[in-house]
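Database features, via Swiss-Prot:
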type	residues	note
COMPBIAS	388-397	compositional bias 'Acidic residues'
MOD_RES	Ser309	phosphoserine
MOD_RES	Ser314	phosphoserine
MOD_RES	Ser353	phosphoserine
MOD_RES	Ser364	phosphoserine
MOD_RES	Thr503	phosphothreonine
MOD_RES	Ser507	phosphoserine
MOD_RES	Ser510	phosphoserine
MOD_RES	Ser738	phosphoserine
MOD_RES	Thr773	phosphothreonine
MOD_RES	Ser775	phosphoserine
MOD_RES	Tyr901	phosphotyrosine
MOD_RES	Ser974	phosphoserine
REGION	296-322	region 'Disordered'
REGION	367-400	region 'Disordered'
REGION	474-514	region 'Disordered'
REGION	558-623	region 'Disordered'
REGION	749-777	region 'Disordered'
REGION	944-989	region 'Disordered'
REGION	1197-1248	region 'Disordered'
REPEAT	2-31	repeat 'ANK 1'
REPEAT	58-87	repeat 'ANK 2'
REPEAT	91-120	repeat 'ANK 3'
REPEAT	193-222	repeat 'ANK 6'
MOTIF	935-938	motif 'Nuclear localization signal'
Amino acid sequence: MGKDQELLEAARTGNVALVEKLLSGRKGGILGGGSGPLPLSNLLSIWRGPNVNCTDSSGYTALHHAALNGHKDIVLKLLQYEASTNVADNKGYFPIHLAAWKGDVEIVKILIHHGPSHSRVNEQNNENETALHCAAQYGHSEVVAVLLEELTDPTIRNSKLETPLDLAALYGRLRVVKMIISAHPNLMSCNTRKHTPLHLAARNGHKAVVQVLLEAGMDVSCQTEKGSALHEAALFGKVDVVRVLLETGIDANIKDSLGRTVLDILKEHPSQKSLQIATLLQEYLEGVGRSTVLEEPVQEDATQETHISSPVESPSQKTKSETVTGELSKLLDEIKLCQEKDYSFEDLCHTISDHYLDNLSKISEEELGKNGSQSVRTSSTINLSPGEVEEEDDDENTCGPSGLWEALTPCNGCRNLGFPMLAQESYPKKRNYTMEIVPSASLDTFPSENENFLCDLMDTAVTKKPCSLEIARAPSPRTDNASEVAVTTPGTSNHRNSSTGPTPDCSPPSPDTALKNIVKVIRPQPKQRTSIVSSLDFHRMNHNQEYFEINTSTGCTSFTASPPASPPTSSVGTTEVKNEGTNHTDDLSRQDDNDPPKEYDPGQFAGLLHGSSPACESPENPFHLYGKREQCEKGQDEVSLANSPLPFKQSPIENNSEPLVKKIKPKVVSRTIFHKKSNQLENHTIVGTRSTRSGSRNGDQWVMNAGGFVERACTLGRIRSLPKALIDMHLSKSVSKSDSDLIAYPSNEKTSRVNWSESSTAEHSSKGNSERTPSFTSEWEEIDKIMSSIDVGINNELKEMNGETTRPRCPVQTVGQWLESIGLPQYENHLMANGFDNVQFMGSNVMEDQDLLEIGILNSGHRQRILQAIQLLPKMRPIGHDGYHPTSVAEWLDSIELGDYTKAFLINGYTSMDLLKKIWEVELINVLKINLIGHRKRILASLGDRLHDDPPQKPPRSITLREPSGNHTPPQLSPSLSQSTYTTGGSLDVPHIIMQGDARRRRNENYFDDIPRSKLERQMAQTGDWGEPSITLRPPNEATASTPVQYWQHHPEKLIFQSCDYKAFYLGSMLIKELRGTESTQDACAKMRANCQKSTEQMKKVPTIILSVSYKGVKFIDATNKNIIAEHEIRNISCAAQDPEDLSTFAYITKDLKSNHHYCHVFTAFDVNLAYEIILTLGQAFEVAYQLALQARKGGHSSTLPESFENKPSKPIPKPRVSIRKSVDLLHASHTGQEPSERHTEEALRKF
């Protein structure tokens, strides 16, 4: 790479030594002092050194990279060498924007004060945002304080008309809101018609921010086109904010721009929240100061409870309901009526404007812990550093770069709609979730007439949106019962109030850096998804209850009846799911609401193991148990199903995903406790039970995932899939014959065959079991057959697995965790940025000491420690070592987790594994453009000992194709230089290696099927319109020995009757004073590239042209207006070659007959393949013209000769001095005289 690129990479990775080395030549003449003349060596180093303000493709300078990645020392070093702080990237971001976005207060101070270049604090990006916007949005209060001290203008609005105060209020940055209000209280009155800080805070439920704004003097009744802040809070279900606004004295009769009051809004969105808000408005209008229907303060216990008083059971509330206004009564009735109907998630979303959806992303505190009949609490399973957790007040939460996973939510608009049963599951698919359902004992819910429609509405919502919704809260119809859902999400910070603000809707400014950071965060997470929280149907009944327990920790399932723990009117139903000893998820399933309620004897456990729907794939949850507890006969106290595996039936697989196989850890404890009424049917869903068996080999466990996945999770090592035969067998056996989701449990006379371990399982009887009905008998026979088939296949595979050679495996961990374990966490960026981003592919056969040195780890002691730790990592096993032979390139790349390169391999002709086994590293660099050394080493290690052709030898220096002489003899190739002149010892010839690889790819029989050609040419080739070629062409390797290619690109008639058109960038032309063949093209390419790289303005001026190649020559066509600019006849083209430094750049030399000068024209193609095809097509055009000349002369029809081959005296061009890769030397004789087609060639090109 060039020095500019080295400087950018060093600044990004934090390599201070390399930055100092690259910029050291400037010292002394720029800032080093001294008034004497500069030494010549210093002048030369300045000339050759990198540009300190050079940019990459995204417009980032080295200072951008250093500021974004927090490299303080490099920022100081760059400023010392006069790096400019006021250069914007392609999106208009200045370095101070990135430092403020990152929250690095030290770098912000350096950029402002250090100099010699000082940042201007009010600079705006393309979105009109200042650095204060970035800091305020992400809650970086220290940076905000610095910027306010530097007199940053807080009244500047971005393209969405948002001030920094608006952003801080929108995202709940309480501390920032207080700071800005304190510094500029006049902002309270600077509002637009679209929004105010109060509206934005109310919309997202930031209660504390709303209170601060009101205390600071903001008008509570200020209005926008959306109405008052009460409209916003009511629309999004923010009950706490509604209460605060009402207590402050807001006018509830204000109308929005559409003439709607708050009550009208609630009518349009019937939900549990709407019911609560309507009741609150009722009390407010009646003069009640404090609500009795909202939740009580959070208990000190870890479980947050919601208390809702029942208006029916409370005499005082009965009195109030009788005196309610007619409008409110009508509203409440309409809400209840609408809830009985099928209201889907889409119906609710369609009424919300796009502006709201763009700004909402995270679950607010009402959704997480304070409102509704259930609460959700978020806790962290990953220890975050202190810098990643910002200690804020009630509504504060960390966002921005320290929590990059938050920015990955696929939808920022649907997370927080304020409706009680809907919250989008929008976390990345590689995250773990642990759901815990704990119904509380002392919660009062709404009256009995509300019981059924709440559950029906919840089931309808789940059914209509299974793929993107997570049922976060299920309202409980029981008067003495309610549920609570606890969500554990890795990667989230643990706050006191468990609330999270919405994720900002702007992506990180740096695409390259953000991608690397995101990969670093996501990569270590297991590949699994979450399921959907099932609905819990608790019916309000005053009957005795019995409690049953399912214990699966020892491989058995038992139901034990026990006396009720409390009187029937206040008895507690607790459903609890816990995971002990494992990090896997117990997913929660839902019961299909199309199942008709049926009654069965209690001995027939009505449970069925279903596959999760394709919309909520849950690879880690093997079983979903749907339980329906029936009326129990008197005197029946215990149902025991110990050591009897639960039956399961596989749902038809509706997706095409290939099943995987994993093992899970042993000793997984799942415990489910539920209560049972003695004389009333109740529906429960038993959630997250994982069946485990004792006695399996090596303590491993095979689990069938019901969504079409057989998975195997192990404590050590990588996940590998089972043979395809086993998977095919599993798929073929996955059938479902019953339309019902209920199935009877097998009787005690039937031996269960669901035995996943080698030891047999004892049969246990079930008291009171009745005979199975005939309809279930046939189903169980089918299930027994399925279990037998799967059991045989799994046991056979276990034997094969146990027969393999065992070896140490490393725990699945990130590169950062691995470096932390060896005490060198500072090198994480070095490894990640250079492709060493997966511990599973960093064994001793992948990483070497030289690699560590190249990526900037200069400390020899640290390198030695890393190399010692690498010895403990597993070596990469080459393909074929353990019987694994990938059948396709895509499969092989996926196996080494480099699937992103699949397209690059295929479009460059590497379409089979046989071709890959002969690939060289230089091809990975120059052809495939794989710049990360870690990825290259991983690829080569995976390929193992590859089959190369014979050691490449350098080709002859030049081959001259001459025109026929006067005696009409065929042209002769010039004598080749002796091969003994070039030895293969010491180094390989890189150009020839690449040409060999290209020849291998083009020998592939299907290669030409993939070659992009013109539409007309493809049609004519398919229909045979070309017919047999009228002339016979010599293959390229016979026409010139400088290329080993054996096939031309096009049909000869294509170049005779039509032309081959290619689009490219024209970099310019250079006068050739001394014609030296490919050396001249090489010099011209280097000069033209250097001119274009000097400035971005120069690059913007590079025109796009179309090269139209035929046997007559090359036409320059303006790609914009399709005008012909100039023509170069084939006889005047001397040499065509690719640039060895950049294979996408090529050039050819032509002679201007008017001035008798030679010019080299330089182009850049869109990719390497296109450049090579253009060069080869030029060679084919000459061959076609030459063969036509031969045919004409043999037939004596001199008049039909192409004008390029009329008999004229000729003299050969001197041989080029060096060889060049993939070049076609079209060295012709020069002719005197001027043809009409050449009269304005060079003049037109120079003007162009």
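Including glycine, each Cβ sits where the backbone N, Cα and C put it.
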DSSP residue counts for the repeat 'ANK 3' (91-120), split into helix, strand and coil: 17 helix, 0 strand, 13 coil
Coarse DSSP state, helix versus strand versus coil, of Tyr901 (phosphotyrosine): helix
Residue distribution over DSSP helix, strand and coil in the repeat 'ANK 2' (58-87): 16 helix, 1 strand, 13 coil
DSSP residue counts for the motif 'Nuclear localization signal' (935-938), split into helix, strand and coil: 4 helix, 0 strand, 0 coil
Cβ atoms near Tyr901 (phosphotyrosine) (within 10 Å, other residues, all chains): 19
Secondary structure tally of the repeat 'ANK 6' (193-222) (DSSP, helix then strand then coil): 16 helix, 0 strand, 14 coil
Mean of pLDDT values spanning the repeat 'ANK 2' (58-87): 91
